Amino acid sequence: MVLKERNFTEQDCHLYIISLVSKMPNLFCQMVKKMILILLTVIIITYCIHPGRFAHYYTFIKEEDMVHELEESPLAQKLSETSGLPLCPWHILNESSYSLLYPKKNVTQCDLNELSVKLDIKLGGTWKPSNCVSRFDVAIVVPYRNRQTQLEIFLLYMHSFLQKQMINYRILIIEQVEKKDFNRAKLLNIGYIEALKLFPYHCFIFHDVDLIPQKQNNIYACTHQPRHMSSSLNTFRYNLPYRGLFGGAVAILKSQFELVNGFSNMFFGWGGEDDDFQSRINHKGLSICRFSPRVSRYVMLTHSKELPSETRFSNLLAGKNRYDVDGINTLVYTVRNSTFKPLYTWILVDI
Ligand code: NGS
């Protein structure tokens, strides 16, 4: 009886082992299937909720070629001859170290008050090198409303950043009065017109107040083609979310801005105006360029995300027929205040 029982158990055990081994490939397959499913779900969720998503590879100007791509001011050479001062050197472009710059976040009033004296900034937030003639005359136009803390961080950081690049620049803050939804594009058009009343700038940089350039060799000057400057942004994990992105910080020559008739004035609320601008540029046969992701690194100062405008897509579609009849040639606005502040030119507008 005992022997019978032992025989049975052994046989049973063998059978069990054989059945387990025969099921193994099946179990393994099921496990792999489950893992793939989980991985796919994670990828889809990440893609949907994170705007940085995955890298869109793009062609860019190599660091050693940047110098050949820059557009010098038509005034520079002549000014150098008449003043006897040499043109400023290019050394900043060779500053291609890996070190990244960061802004000071807790800016005090004292920091700001000291800045204009320390950096010799002229009233209206303008500066130019004193011992050489700058190769670039640039208006930095910043659309603005209700971002006081960011503005202070931006100003403290940008003045010394730009001065190291030896640029003849002015920072213009174009503030929209309350009432309507924010119209970033229209404010940029206004900044363009107002800047030209002060100086014949040949190059314009349209810049969000929450963006801080991290590489000193990301030169704030125009290239032969309009340039998307902030293509490597921390909030996008230093990736480009889509190839046509032309927002944040962009540089464009005066002649090119005239050619594309500036921005559309019709985009109220968040989103789309930069995409429309990019289409305008392509429509006129220009193409956007970028510096390398290593050079174009930016950090975005934190703030709550704006609610996207509901009309942005329909506006974008309709925009295609409006390039020549909506832009700087149809710009209407009222200046409510215009003041040369110590660190910037402030223009308050009703649009
Ligand atoms: C696109 C917007 C652009 C915007 C870009 C990045 O979806 O205006 O996201 O925005 N286009 C439309 O909405 C049609 S960001 O995440 O940097 O705030 O610039």
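In case you wondered, yes, glycine gets a Cβ from its N, Cα and C as well.
The following features are taken from TrEMBL:
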type     : residues : note
DOMAIN   : 118-223  : domain 'Galactosyltransferase N-terminal'
DOMAIN   : 227-303  : domain 'Galactosyltransferase C-terminal'
TRANSMEM : 31-49    : transmembrane segment
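Helix, strand and coil residue tallies for the domain 'Galactosyltransferase C-terminal' (227-303), in that order: 20 helix, 16 strand, 41 coil [DSSP]. Here the domain 'Galactosyltransferase C-terminal' (227-303) returns a mean pLDDT of 96 for the predicted model. For the domain 'Galactosyltransferase N-terminal' (118-223), residue counts in helix, strand and coil come to 33 helix, 30 strand, 43 coil, using DSSP.
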